[in-house]
Amino acid sequence: MTKKLINQFKSFQVHPYHLVEPSPWPLGASVACLILTLGGVMKFHGFAAGDIGLPLGLILVLASMLLWWRDVIREATYQGHHTKTVKYGITLGVVLFIVSEILLFFSLFWAFFHSSLAPSVELGSTWPPVGIEPLNPFEVPLLNTIILLTSGCTITVSHAKIISGDRGATILYLILTILLAWMFLGLQWVEYVNAPFTIADSVYGSTFFVATGFHGLHVMIGTIFLTVSLNRILSYHLTSGHHLGYEAAIWYWHVVDVIWLFLYVSVYYWGSNV
């Protein structure tokens, strides 16, 4: 009897950490990234193999991501591996990820102000450079600012509703946030298509399109995060006390909002010299 109890005790986990089972996805994702990189290099250098390697690598990377994250969802939702200790580690990882994103945009702002505060002679010693017609900050950029700030409000309401257990309102305000995000991206695309300058037009065009383009990319990533959260809410994966992934997506979205405010004030408003 004692031996049986000892064997049963050994089958229980006596620590709060998640010891991940062997998984093929780290190796699969590494190989997929290698194929994607090689395919991209061959494509850029005109090799015919790049026409196959680049899309194949992209498909394999996306497949590895989806299958890996599927397993993470299973471990958290169905197997109960995400204890308080595990969630603390995930939270710390998300915070460090967001800090790294902030530092990325810090470098982009540094490049912008380095070029604009003391314009070189080649630029005409003025900012915007001679020959550049900047965008009117009170047209599409201002509308996009209002849209993004509104999305920050709707996602905050959605977060409050999931905490209070109002599932219907949570879904409604989350859908509104996603729609506002797509409106922002659509208007950003219209702005790019109709811009009177290109990325090749001096350092002004370079800093403008790189900074706003990277922000647009992060809006797309945040929209994907929110869409996945919506799918998980519809699938009854998230509850009022268990929605760390959704909270992480909301933190990310608020950071994207704040970065846009800095972009609007510095690049669109101050940088246009209105």
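Placed from the backbone N, Cα and C atoms, the Cβ positions cover glycine too.
Features of the protein shown, as given by Swiss-Prot:
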| type | residues | note |
| --- | --- | --- |
| TRANSMEM | 22-42 | transmembrane segment |
| TRANSMEM | 47-67 | transmembrane segment |
| TRANSMEM | 93-113 | transmembrane segment |
| TRANSMEM | 137-157 | transmembrane segment |
| TRANSMEM | 170-190 | transmembrane segment |
| TRANSMEM | 208-228 | transmembrane segment |
| TRANSMEM | 248-268 | transmembrane segment |
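Within its own chain, the transmembrane segment (248-268) is flanked in space by residues 90-91, 94-95, 98, 101-102, 105, 109, 112-113, 135, 137, 141-142, 144-145, 148-149, 151-152, 155-156, 159, 177, 207-208, 211-212, 215, 218-219, 221-222, 225-226, 228-229, which lie at least six positions past its ends and keep a Cβ under 8 Å from the stretch. Away from its own ends, the transmembrane segment (93-113) comes close to residues 207, 210-211, 214-215, 218, 248, 251-252, 255, 259, 262, 266-267, 271 of its chain (Cβ-Cβ under 8 Å, at least six residues beyond either end).
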